[in-house]
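Beneath this line is the structure, given in structure tokens, with notes to follow.
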């Protein structure tokens, strides 16, 4: 059985400012660094053999902290990037007009082929995330990889593992530096292939989550 850990990056300056990041970038806050350190402490004894990260700065920064504890190098894979949010990237959510907010909402409300102009659809996102996950099957036997990616990207991936359409309503909260795990197995009581073992675990984090403060 192959176990793959999935980690969202730590809190960023733009998370705090409620700016749309997408494939643009923002550095981790001090809390984000602390969150990554707590992930590292949690997984350092889990037998992680590979750290594979989105090539965006916030994920690489998170991955490097985890990799030091696990004594692994960081491998980057652009397929693990966040959803491309097109013309709305770098915008503060509070500044969006009615049309722009409708574009943003179409990504999370179940709209088939919802997208922001010049951005990706959830189906396009799911296709590359699934390809990145499936590439773990080619790793040497007994590998235990950890992938560092993004909130919408990981939520979409987990939804499709459950058999939901990529554009299904977004109902899974994956907080900064949450840990999920998917296993590839043949089981008499589960569908063969990828199954979800855990999703959105934050028991290793000590600070109040940003989305608890910003309700």
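A Cβ is built for glycine as well, from the same backbone N, Cα and C atoms used for every other residue.
Neighbour list (residue 9 (active site, tele-phosphohistidine intermediate), Cβ cut-off 8 Å, at least 6 residues apart, same chain): 28, 32, 36, 54, 58, 59, 61, 62, 148, 149, 150, 176, 177. Residues or ranges marked as active site, tele-phosphohistidine intermediate by Swiss-Prot on the basis of sequence analysis: 9.
Annotation comment: Swiss-Prot describes 82 as active site, proton donor/acceptor, evidence class sequence analysis. Reduced to three states, the DSSP call for residue 82 (active site, proton donor/acceptor) is coil. Other Cβ atoms within 10 Å of the Cβ of residue 82 (active site, proton donor/acceptor), summed over all protein chains shown, number 26.
A simple way to gauge crowding: the CB of residue 14 (substrate binding site) has 19 other CB atoms within 10 angstroms, across all the protein chains here. According to DSSP, residue 14 (substrate binding site) is assigned to a helical segment. Positions annotated as substrate binding site by Swiss-Prot: 8-15, 21-22, 58, 82-85, 151-152.
A coil conformation is recorded for residue 150 (site 'Transition state stabilizer') in the three-state DSSP classification, outside any helix or strand. Under the heading site 'Transition state stabilizer', Swiss-Prot lists 150, citing sequence analysis as support.
Residue 11 (substrate binding site) and residue 82 (active site, proton donor/acceptor) have their C-alpha atoms 14 Å apart, to the nearest angstrom. A gap of 14 Å separates the Cα atoms of residue 14 (substrate binding site) and residue 82 (active site, proton donor/acceptor).
Residue 151 (substrate binding site) sits 7 Å from residue 82 (active site, proton donor/acceptor), taking the C-alpha atoms as the reference points. Taking only the Cα positions, the spacing between residue 22 (substrate binding site) and residue 82 (active site, proton donor/acceptor) is 5 angstrom.
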